[in-house]
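Undergrad: Under the heading substrate binding site, TrEMBL lists ARG8, GLN9, SER10, TYR11, LYS67, TYR124, ARG128, SER132, ARG192, LEU193, HIS194. TrEMBL lists 39-159 with the feature domain 'Pyridoxamine 5'-phosphate oxidase N-terminal'. The annotation FMN binding site is assigned in TrEMBL to ARG62, VAL63, VAL64, LEU65, LEU66, LYS67, TYR77, THR78, LYS84, GLN106, GLN141, SER142, TRP186, ARG196. Under the heading domain 'Pyridoxine 5'-phosphate oxidase dimerisation C-terminal', TrEMBL lists 173-213.
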Amino acid sequence: MKNIEDYRQSYEKDTLVETALRDQPLAQFEDWFKTAEACEDILEVNAMTLSTLGKDGFPKSRVVLLKEFSQEGFIFYTNYTSEKAESIAYNPKVCMSFFWPPLERQIIIKGTVEKVSEEKSQAYFNSRPRGSQLGAWASHQSSMVASRKVIEERLQQLKTKFEDKPIPKPDFWGGFLIKPETFEFWQGRPNRLHDRILYTNTNNTWSHRRLEP
């Protein structure tokens with residue numbers, strides 16, 4: 001294995017200057033998201049790292065998929081009995097981040113979380129592939145299980161149960177809306193002197209300032 005200390009990458013692809021920034025952070029996010037969408041080297045542009053704080057006092061991060069964003073915030077879907085959902089119920093303050101290495105860009109967003117409406121969760125569930133709908137029922141997410149065989153047998157039972165029938169949305173499954181409070185846009189630069197711009201909201205007005213690298 002290569003010495004980890006020897007891994008180095010010089011970031012030289014772009015800059016982030018105040019004169020090029022959008023006034024609203026969501027507009028800046030959308031600009032960067034569209035650029036990432038157009039980059040063939042980014043396979044899942046909507047993959048984001050979600051960090052929560054659990055009752056045990058430890059933070060935990062995992063990759064989830066962003067499914068919608070708007071002026072209201074950022075939406076993802078999950079099992080409401082999962083560890084992440086329990087952590088959100090305990091502490092609704094979360095951090096989400098996107099890292100797009102081919103663009104040498106990162107976005108870090110802090111915010112508070114609330115559930116989306118049942119109607120919205122239902123509409124998205126109905127749009128999912130049938131296999132994913134069955135998967136939502138089959139997984140007792142974050143629970144201990146004796147073996148994968150248990151899950152596969154449960155899935156087969158569900159396939160039989162719902163054969164030739166519409167699959168209803170489980171009550172324990174739905175969406176979360178992250179309402180942003182801060183946005184940080186990070187652009188890699190040479191010599192580790194990266195560009196960092198932080199947007200904050202005061203009295204419903206967004207402003208931005210530069211952070212030290």
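From the backbone N, Cα and C atoms, a Cβ is placed for every residue, glycine too.
Curation does not apply to TrEMBL; its annotations are automatic.
As the structure is a computational prediction, the values presented were derived from the model and not from experiment.
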Undergrad: Across the whole of the domain 'Pyridoxine 5'-phosphate oxidase dimerisation C-terminal' (173-213), what does the mean pLDDT come to? Round it, please.
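TA: Looking only at the domain 'Pyridoxine 5'-phosphate oxidase dimerisation C-terminal' (173-213), pLDDT averages out to 98.
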Undergrad: Could you pull out which residues elsewhere in the chain have a CB under 8 Å from any CB of the domain 'Pyridoxine 5'-phosphate oxidase dimerisation C-terminal' (173-213), counting only those six or more residues past its ends?
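TA: Beyond its ends, the domain 'Pyridoxine 5'-phosphate oxidase dimerisation C-terminal' (173-213) has Cβ neighbours at 10-18, 21, 23-26, 28-29, 32, 67, 72-80, 85, 88, 94, 96, 104-116, 118, 120-121, 124-125, 136.
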Undergrad: I'd like the Cβ neighbour count for LYS84 (FMN binding site), meaning other Cβ atoms within 10 Å of its Cβ, all protein chains included.
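TA: Within a 10 Å radius of the Cβ of LYS84 (FMN binding site) lie 24 other Cβ atoms.
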Undergrad: I'd like to know which of the binding-site residues ARG62, LEU66, TYR77 sit within 10 A of HIS194 (substrate binding site) at the Cα level.
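TA: So the list reads none.
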Undergrad: Could you give the number of helix, strand and coil residues in the domain 'Pyridoxamine 5'-phosphate oxidase N-terminal' (39-159) as assigned by DSSP?
TA: 42 helix, 41 strand, 38 coil
Undergrad: Let me make sure I understand the span of the substrate site: among ARG8, GLN9, SER10, TYR11, LYS67, TYR124, ARG128, SER132, ARG192, LEU193, HIS194, what is the greatest distance between any two Cα atoms, in Å?
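TA: Spelled out: the longest distance between any two Cα atoms in ARG8, GLN9, SER10, TYR11, LYS67, TYR124, ARG128, SER132, ARG192, LEU193, HIS194 is 43 Å.
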Undergrad: VAL64 (FMN binding site) to ARG128 (substrate binding site): how many Å between their Cα atoms?
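TA: Answer for this pair: 16 Å between alpha carbons.
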Undergrad: Please give me the CB contact count at 10 A for TYR77 (FMN binding site), counting all chains in the structure.
TA: 21
Undergrad: Around ARG192 (substrate binding site), which residues of its chain at least 6 apart sit with Cβ under 8 Å of its Cβ?
TA: PRO213
Undergrad: DSSP three-state call for TRP186 (FMN binding site): helix, strand or coil?
TA: strand
Undergrad: At its widest, how many Å does the recorded FMN site span between Cα atoms of ARG62, VAL63, VAL64, LEU65, LEU66, LYS67, TYR77, THR78, LYS84, GLN106, GLN141, SER142, TRP186, ARG196?
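TA: This binding site's residues have a maximal Cα-Cα distance of 36 Å.
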Undergrad: Check each residue in the chain of LYS67 (substrate binding site) that is at least six apart in sequence and keep those whose C-beta is under 8 Å from its C-beta; list them in sequence order.
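TA: In sequence order, ASN46, ILE75, PHE76, TYR77, TYR124, GLY175 meet the Cβ cut-off.
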